[in-house]
Amino acid sequence: MFSEEGVTTLTHKEQTSSLPTDSSLLPECPGHHLLEVMPTESGSCSTARQAKQKRKSHSLSIRRTNSSEQERTGLPREMLEGQDSKLPSSVRSTLLELFGQIEREFENLYIENLELRREIETLNERLTAEGQAIDGAELSKGQLKTKASHSTSQLSQKLKTTYKASTSKIVSSFKTTTSRAVCQLVKEYIGHRDGIWDVSVARTQPVVLGTASADHTALLWSIETGRCLVKYTGHVGSVNSIKFHPSEQLALTASGDQTAHIWRYAVQLPTPQPVADTSQQICGEDEVECSDKDEPDVDGDVSSDCPTIRVPLTSLKSHQGVVIAADWLVGGQQVVTASWDRAANLYDVQTAELVHSLTGHDQELTHCCTHPTQRLVVTSSRDTTFRLWDFRDPSIHSVNVFQGHTDTVTSAVFTVGDNVVSGSDDRTVKVWDLKNMRSPIATIRTDSAINRINVCVGQKIIALPHDNRQVRLFDMSGVRLARLPRSSRQGHRRMVCCSAWSEDHPVCNLFTCGFDRQAIGWNINIPALLQEK
């Protein structure tokens, strides 16, 4: 390996195995031509030029030199043997073996890199050909540059989204170790015999919890004790929605029997019982998976001993399909209903007459919501849009269409001010400014479809119920705050359908319901939650 002058001389096989296989990285031979790196017997420049010209018309062929382990490490080993080293021979052998492994890894990476580069070139050629086929003429350099720039911007956006999602998961894992008693499960409301579609909290005293279920009933509950207070059985179909009058003890329910009912209730709250301490539960990402079969058992009808209301005060019957949602307009003199017949109807409460039929959606409606202080209505639909209906001017009923989702808009709700929050089956939640409807001011991307959302008005916290049994909390700017705890012992065991805030209640300020036939009352320590933000 060494001459008398100490100059290193290599065999042809050793030269080719130690050089990179990419011709663009090779030094020029004395004839100012590139040396072809192939494990052949001849190494002349003319032969290399012929091989190179032949390779231009064919695909790149990458061949690894089949050198033995002894040949691969022979040079470094003899070099070390020729040096005055104080390392033991066993240590030197180990080092040589490790360096050989490192070299092989780098060689593999280098070969993979070449393969990827070749695939990229092939894809670029294919994209160019497709562009020519679409345009029917040869693309100019400017057009190609525009298309490439567009593709690059799309790739950049995808990388940013992936990076944000990854960093969000990392930050959430740190939050798990620092949260202390932020989200506590306080009470479970068990009594329905089928899934619960909707949950709502009364806005007048006494404050009760209302649930609407696929078992054709609506139940009113004591928030503190979890006891059923009133059972409504006036519908002959699934009860899909329940909302309370802003100032009276009236409830509005929507049903699959194509009607909406208004019924009056009178309740007397029982004596509150001590609430179990669940302070050990925290918000985090760690959970214990549980089977869908682990649902609350209802041996007897827990609502059988509570008063039953069978006849409504008013029945609204103008729809030709399932009434999926209903809500009171500000003041409680009118109500709006949303149906699968693609229309939303506005009714007068006193006369039960149809005032307006709001048409325009291309597919079934999924939800409707009214503004707390203004005569505004927002309707959601399976046509991927939601519409804002303005009744503030009696002579002009304007409508605005919001297009920003790619799948069914499951709900859209108002917040204080000029914002609307929409949730969709496309796994996103978007925050909109009513003054600028062209694009959302914030977008929340999640890992599961989103059902009926609700916003904490005072603190502007959005509660997201998911198809994957999770409930997550975000602020209006899209920052994730917490995930409600769920394990084999607590939390929802099936799809979570709805969420509802009651921020002034001292025991429970957030309620959720799902298709595991139960509603859950939570206590969210909002100051601590915002402090950890």
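Positions of Cβ are set from backbone N, Cα and C atoms, glycine also.
Quick caveat, the model's predicted, so the values are computed rather than measured.
Positions annotated as compositional bias 'Polar residues' by TrEMBL: 1-10 (among others).
Residues annotated as region 'Disordered' in TrEMBL: 1-86.
What TrEMBL records for 16-27 is compositional bias 'Low complexity'.
As annotated by TrEMBL, compositional bias 'Polar residues' applies to 41-50 (among others).
According to TrEMBL, the compositional bias 'Polar residues' annotation covers 59-68 (among others).
Under the heading compositional bias 'Basic and acidic residues', TrEMBL lists 69-84.
What TrEMBL lists as coiled coil is 106-133.
Counting residues 6+ beyond its ends, the repeat 'WD' (189-231) has Cβ neighbours under 8 Å at 237-249, 251, 253-255, 265, 267-273, 275, 296, 298, 301-303, 306-309, 325, 452, 494-495, 497-502, 505, 507-508, 511-521 in the same chain. Sequence annotations record features per position, and here TrEMBL assigns repeat 'WD' to 189-231 (among others).
For 232-263 (among others), the entry in TrEMBL reads repeat 'WD'. For the repeat 'WD' (232-263), the model's average pLDDT works out to 97.
The repeat 'WD' annotation in TrEMBL covers 316-357 (among others). Long-range neighbours of the repeat 'WD' (316-357) within the same chain, counting only residues 6 or more positions beyond its ends whose Cβ lies under 8 Å from a Cβ of the stretch, are 198, 237, 240-241, 243-248, 250, 252-256, 258-262, 363-375, 377, 379-381, 389, 391, 397.
With DSSP states grouped into helix (H, G, I), strand (E, B) and coil, the repeat 'WD' (358-399) comes out at 0 helix, 27 strand, 15 coil. Feature annotation from TrEMBL assigns repeat 'WD' to 358-399 (among others).
Under 8 Å from some Cβ of the repeat 'WD' (402-442) lie the Cβ atoms of residues 366-367, 369-372, 376, 378-382, 384-388, 448-455, 457, 460, 462, 464, 474, 476-478, all in the same chain and six or more residues away from its ends. The repeat 'WD' annotation in TrEMBL covers 402-442 (among others).
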Handout entry: DSSP helix/strand/coil residue counts for the repeat 'WD' (316-357)
Key = 0 helix, 23 strand, 19 coil
Exercise for the section: Using DSSP, break the repeat 'WD' (232-263) down into helix, strand and coil residues and give each count. Expected result: 0 helix, 17 strand, 15 coil
